[in-house]
Amino acid sequence: MAEKRRPLLGFVGKLPSGTTAGNSGKTHCPLCMGLFKAPRLLPCLHTVCTTCLEQLEPFSVVDIRGGESDTSSEGSVFQELKPRALQPQIGILCPVCDAQVDLPMGGVKALTIDHLAMNDVMLESLRGEGQGLVCDLCSDREVEKRCQTCKANLCRFCCQAHRRQKKTTYHTMVDLKDLKGYSQIGKPILCPAHPAEELRLFCELCDRPVCRDCVVGEHREHPCDFTSNVIHKHGDSVRELLRGTQPHVEALEEALAQIKGTNSAVQERVKAVAADIRTFSEGYIKAIEEHRDKLLKQLEDIRVQKENSLQLQKAQLEQLLADMRTGVEFTEHLLTSGSDLEILITKGVVVERLTKLNKVEYSAHPGVNEKISFSPKQKAGLCRGYEVYGAINTKEVDPAKCVLQGEDLHRAREKQPASFIVLCKDATGESMGRGGDNVQVTVIPNDKKDSPVKTMVHDNKDGTYYVSYTPKEPGTYTVLVCVKEQHVQGSPFTVTVRKRHRSHPGVFHCCTFCSSGGQKTARCACGGTMPGGYLGCGHGHKGHPGRPHWSCCGKFAEKSECTWAGGQSAPRSLLRTVAL
């Protein structure tokens, strides 16, 4: 149903009480609740401060890796490809959605930097008269101006020093209050390998942004182009994934609405049936009151079972919807607000997340129905010596209670029909006593998983279903039996298919000489021969087994399966005994 969530032992940093995901838009950390500081983008597309992530309790699982880099998180722009043997993989849990995050080799600081969040923080700070912004040079004083040439925020002292230097004398300086109308004021994104160079190009071969020094160095022979020239192709691929993800949000919302309606219907039916039960039980005084209490308890059990099932499905769909919304909202924000370079930097994480979300399977229909009814005329046995009437009927099949029956359930022969019985039961373990349930059977060869065997399911109309299939080849097969898309007891199970039973084409004789009437050219599979040019076996002669056997394969048991494989091992004269 939903994305894999890994339980974590020990303390894990969680959201503070009353905190919701995505608090304060895109500028505040969901953990510390303050403006983002060095925000890192997780594979689930949630953003958290670097220091907050470092404070989370990590866990480790054994991970086998070859010569590939970590793919769970993009990390920084550059990652070395180093072969790694069996080693523990360090991970954390996302403090927003509890998704497992496998950390790259560089740890938290190797996760992708969320440049969109940094830009939003800058804009948020400007709206608050620059409060919270510190000088990019001295990191000590509050910002007063911004150098539009260097794209750096400067305090008054550094601004004066900036103007006194010959190289920066003529740089354009702007007051912070004059930048409030800007939508993009982020810092230039510099190359990790060459900090003096800005990332302006994109390597198609390595699928990552590069600088000018990278192009003439490590990526000299690689196809590279400016980010503005390649953004259309890569942006279109992300938009295509987004178009495939958006319909899931509507489908999940509709499914949750159906669950809510079904839950209300269940509650209404419970109330109605309870009223019927109370009305019917008034005439029988103590006996009926006792019977009534039993019926109400049974009804409550049914309600709890149905409600728990609906609540579980609701929780799973809500979590999946939250994940889908996060993916859609972040991607839409990225495509509408992000720069070309920001889209390219974040593209890998977004594509991986949306691809994973698009592969998640879920049911858009409630897992249970509101079918609960009361039959007042149905006999319910004796209660305190009185014959009472009235029973609750749900008769909803419970896959966990359904069983498989058959003598040769795990054995079959090639090209011969095999069969077994599926007995459907309800939640109380009683036979359904009727047909109409959706029984699905799949028979798959273990060595040819893409070639399932054709199966037939016959409804006997009494709660049992006759399943038959004919395996074409010997080997091991896996049989999956599902009711309401859930496995029944004993499913899946394996079936060993042996070769088809082969009858003997020869004769069961004491020796070739006797069975052939003394023919010299008659042979026997036992390998015995006789002097005088006889090709077959004879009593007391060389190679004779000393007991009756089959002429075709040499087996001693008269009632057995022939093992003669044909071809060179069985000349034509070997079977002449049959004709004679």
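In case you wondered, yes, glycine gets a Cβ from its N, Cα and C as well.
In Swiss-Prot, the feature zinc finger is placed on 130-176, out of the ranges 130-176, 271-317, 365-411. For the binding-site residues Cys138, Cys191, Cys214, the largest tally of other C-beta atoms within 10 A is found at Cys214. Tertiary neighbourhood of the zinc finger (186-227): same-chain residues 76-78, 115, 118-119, 122, 136, 151-152, 234, 339-342, 344-345, 348, selected by CB-CB distance under 8 Å and a gap of 6+ residues from either end.
Its Cβ placed at the centre, His219 (Zn(2+) 2 binding site) has 19 other Cβ atoms within 10 Å.
Other residues of the same chain near the Zn(2+) 1 site, with their Cβ within 8 Å of the Cβ centroid of Cys135, Cys138, Cys158, His162, are Asp136, Leu137, Arg141, Ala152, Leu154, Cys155, Phe157, Cys159, Ala161. Excluding Cys191, His194, Cys214, His219, which define the Zn(2+) 2 site, the same chain contributes Ala193, Glu197, Leu199, Val210, Cys211, Arg212, Asp213, Val215, Gly217, Glu218 within 8 Å (Cβ to the Cβ centroid), listed in sequence order. Counted within 10 Å of its Cβ, the other Cβ atoms near His162 (Zn(2+) 1 binding site) come to 20, all protein chains included. With DSSP classes pooled into helix, strand and coil, the tally for the zinc finger (130-176) is 10 helix, 11 strand, 26 coil.
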